[in-house]
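Here is what TrEMBL records for this protein:
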DOMAIN    41-296  domain 'G-protein coupled receptors family 1 profile'
TRANSMEM  27-48  transmembrane segment
TRANSMEM  60-82  transmembrane segment
TRANSMEM  94-120  transmembrane segment
TRANSMEM  140-164  transmembrane segment
TRANSMEM  204-226  transmembrane segment
TRANSMEM  238-259  transmembrane segment
TRANSMEM  279-298  transmembrane segment
Amino acid sequence: MGASNQSTVTEFVLLGLSAHPKLEKTFFVLILSMYLVILLGNGVLILVTVSDPRLHTPMYFFLGNLSFLDICYTTSSVPLVLDGFLTPRKTISFSGCAVQMFLSFAMGATECVLLGMMAFDRYVAICNPLRYPVVMSKAAYVPMAASSWVAGGANSLVQISLAVQLPFCGDNVINHFICEILAVLKLACADISINVISMGVANVIFLGVPVLFIFVSYIFILTTILKIPSAEGRKKAFSTCSAHLTVVVIFYGTILFMYGKPKSKDPLGADKQDLSDKLISLFYGLLTPMLNPIIYSLRNKDVKTATRSLVAQKCLAW
């Protein structure tokens, strides 16, 4: 009887920084600036990898996919965050929340798989260079990238389908900037054990397996590099995978920091803990997409040369 008297939730209220209104303008400028850097940096990287024939290789094809993914990932949440900083009552419809969760969840899972694919590409290039053109042909690397997107989308579809089937008939306040799936599940007025188990399995598949694959790939890569007789040869071989390794360390390092840091046992510090968790989660979603194009452009001569060539062409056209 009690459940029948409760109204079904049709929208969610996002708390964001409601408890800290003085910080909203500062964070609006900061988040907007980071988002513009992400759009510009990744947009230029996509344009360069598409327009320069010298970059029509598997590595740069994956890099273009990674840049496009980062744009999609941030666009799925940042506009909502920015709007929340400017709107007194921060609400989102139930369907809008589901779409936002699907996109962010799909992009995150896809990036995990794509980083694994990029590790395999570097493994073949360094450990089996003579077979590289055969193993990493266009007939191989295009389906590899496509499978990353399909796998991420399928996983997200399963998780979000399970989430939206839950009854939400009570509290509709999400203590976050966006519809973060764990924060949404806490509001369901039903058993969420199936959702928790499903997400646990997905984390093993989309986080654990790619990390293990990348780790094993780099063991073989480093072993091969150390066998190269000349110091110049070792340096050149390592430079071909250093950018990818840096991105992997930042991506997974941020995840480990976010979910592995100890929780405060002081109940008086609960508000500060919540604020800290929300801000870390927010900046985690911006840090890697913002740094990826910087890392690849600063540590890659081919990208820097292609970028300068593209800028020169545009200047001459004007």
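The backbone N, Cα and C atoms fix where each Cβ goes, glycine too.
Distant neighbours of the transmembrane segment (94-120): 9-12, 59, 62-63, 65-66, 69-70, 72-73, 76-77, 80, 141, 144-145, 147-149, 151-153, 155-157, 159-160, 163-164, 168, 178-181, 184, 202, 206-207, 209-210, 213-214, 217-218, 244, 247-248, 251, 285; these residues of the same chain sit at least 6 beyond its ends, with a Cβ under 8 Å from one of its Cβ atoms. With a cut-off of 8 Å between Cβ atoms, the residues of this chain six or more beyond the transmembrane segment (238-259) that come close are 66, 111, 115, 118-119, 122, 125-126, 207, 211, 214, 218, 221, 225, 280-281, 284, 287-288, 291-292, 295-296, 299-300.
Under 8 Å from some Cβ of the transmembrane segment (27-48) lie the Cβ atoms of residues 17, 55, 63-64, 67-68, 70-71, 74, 78, 81-82, 85-86, 282, 286, 289-290, 292-294, 296-297, 303, 306-307, 310, all in the same chain and six or more residues away from its ends. On the 0 to 100 pLDDT scale, the model's mean across the domain 'G-protein coupled receptors family 1 profile' (41-296) is 86.
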